[in-house]
Amino acid sequence: MEPAMPEHDGDHASNPPHGVGIPNDSAGIVQTIEQARSEGHTHEIGGGEEGSGHERPAGMGALLAVLGVVYGDIGTSPLYALQSSVSIVSSPKAPAQPWEIMGLASLTFWALMLIVTIKYVILIMRADHDGEGGIIALMSLAQRVCKSQHFRWLFGLVGIAGTCLFFGDSIITPAISVLSAVEGIETSVPSASHIIIPLAMVVLVALFSVQVLGTGKIGKAFGPIMVCWFSVLAILGIKGIFLYPHILLALSPTFALEFIVLHGYLSFIALGSVVLSVTGAEALYADMGHFGRAPIRKAWLFFVLPSLTLNYFGQAALLIRDPHALSNPFYLLVPHWAQIPMLVLATFATVIASQAGISGSFSLCRQLIQLGYLPRTRIMHTNASEEAQIYLPSLNWILAFGALVLVLAFRTSSALAAAYGIAVTGTFLCTCVLAMVVFRRVFKWKSATVAIVFGFFFIVDSIFFSANVLKIPDGGWVPLAIGIISTIIMTTWKRGRSLIAARQQADSMPMGSFLARLPQSRTIRVPGLAVFLTANPDIVPNSLLHNLKHNKVLHDHILFVTVENLDQPEAERGHRAIVQELAPNIHRVIVRYGFMEMPNLPRALLELNALGVAFDAIQASYFTSHELVVRSRVPKMQLWRMWIFLFLLRNAASTTEFLRIPPDRVVEFGVRIAI
């Protein structure tokens, strides 16, 4: 007996670019698991990369690591933030007045206090997802506690929008950071101004070229360099404050309020530059899973915040004493003899800041792949002992190309600042919206408390975002364009994969029917172990049906394996896989991975031996299906989105590579699917 075959086209056994789909909606899987548990036929095992969400101690080593990775972006903002703000109220004929400079210094300080200290360090960092932070973790928390499918979709869209803006930020950060650092050449050697752009491009090319080596070894030096950087910031700030000690009065919010009231619309424009002082605040939350709350909080409160405040106030004091210092107040705080060493230190600091954004993009992209929002791509591990240290070649060179184009197009850090703020404030808004849901539904805050606390921050974030919307014609369109394009790509991929899964469900044979007919089958059984990968554990994989059609045989031992992507950072320890016996020598295996984990299917399956289910990695053969997608007569996707989806599908990495299956153990069949 051979079960009926669905329509197909172009059967082949090769290594195509994309393999079996991995489900994103786990409803069917969970139902299968719970049913199996109730029948007493399941076993749960470990097997895979495990992690821990427990709080980490805030020792000196942890604090150094935090300074080297987390605070690079926000720590290099003094290079350009205050200069950009004061430039708005200054002109060659009418330099900024002391009260205006004090007002902007006060606005900068209170932006650091409200957005970074209170919103992120005190509040948002409480909302961890099994120890992990970041907007993806926050989105997963919000979706988990929401019963309405409509709101789940809405919160997913908010999370994806914030994520896409982060990608835009990751392109702009290396460009503006490196540019602002090398612009110091013009201060110490004015005749060398013509080499600023070429030098910035050389630094950027070098930065992205060494990504393939990983940050394991050089990362150990990041912490001490940033300790030196923040110490120098504080020392320079104190030096500047002695020029005009009254600048410390700007710690009072009355100066900020006075500036807003007296300047009206101009103060609204200035807020678009003030927000540059808090770029990188999202990194505190995103890196919480790597370092824990305590080291990040202590480093901010006792070292980073004081250093930044002193430097901003020192620059402001210098500008009050010498309005002509507006050309570059940061470097003009530095004694002439130390400007070249400071240029070198600033370049190192900006490279570290850029490195943090690039590494964060790699990690975020991996999470999105696991959640099904992006196609699989080649992921390289740069450190055999550190699972989190990864390199994505395709993403790396997309970021590099974008950063180089921005340097050539904008040419100065002050011009590029217009493109920077809107990505940062957009991410702030998305995080605030998701936090409202999490603090109300997860932490059980009263509705009134949530409305007052996060309503206030939503208003603050909205004001900053609106101020940056004014910059759209001057460069603010860049991160918006990147965000819109990224959102279209992610939603198109998600939609396309769901259409494929629905079509496979409609065309496939139920697993129960296959098992019921198997005892009466005359199909020849051959020695060996066959692993059939399937996105849906309730249906017979197309790869098995094609194997029956072409080879007329079944193996003695069969495993139907489904890889389930969880909406949590890691699978629970001891709950990596669930095994259910369907028939003699036929088992269903569901292997689960969180969005922070890298799948390793052969490693997980080796653990089956402990439960009496024989698995020999040398003898196992893996059978997968490759979808040959075409447009149906009644298409469910617009033509332009279909083109995008097919392009992504053609360039996606294979299942073999993504699940780390040995290529020489794989047999793959092509299946034609119309959507």
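Positions of Cβ are set from backbone N, Cα and C atoms, glycine also.
Keep in mind the model is a prediction, meaning the values are calculated, not measured.
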**Request:** Select from 153-173, 594-614 the stretch of residues annotated by Swiss-Prot as transmembrane segment.
**Result:** 153-173
**Complete:** Other same-chain positions with a Cβ less than 8 Å from the transmembrane segment (419-439) and lying at least 6 residues past its termini are 115, 119, 123-124, 127, 135, 138-139, 141-142, 145-146, 155, 158-159, 161-162, 165-166, 168-169, 172-173, 176, 272-273, 275-276, 278-279, 281-282, 285, 406, 410, 445, 450, 453-454, 457-458, 461-462, 464-465, 467-469, 471-472, 474-480, 482-483
**Message:** When you look at the transmembrane segment (222-242) alongside the transmembrane segment (332-352), do they share 3+ Cβ pairs under 8 Å, ignoring any pair fewer than 6 residues apart in sequence?
**Reply:** yes
**Request:** For the transmembrane segment (450-470), name the stretch out of 104-124, 195-215, 390-410 with the most CB-CB pairs under 8 Å.
**Result:** 104-124
**Item:** Ranked first among 153-173, 195-215, 222-242, 472-492 for CB pairs under 8 angstroms with the transmembrane segment (62-82)
**Value:** 222-242
**Message:** Before we move on, state whether the transmembrane segment (195-215) and the transmembrane segment (300-320) share at least 3 Cβ pairs under 8 Å, counting only pairs 6 or more apart in sequence.
**Reply:** no
**Message:** Tell me if the transmembrane segment (300-320) touches the transmembrane segment (222-242). I count contact as 3 or more CB pairs below 8 A, with pairs 6 or more residues apart.
**Reply:** yes
**Fill in**
Relative to the transmembrane segment (390-410), the stretch among 153-173, 255-275, 300-320, 472-492 with the most Cβ pairs under 8 Å is 153-173
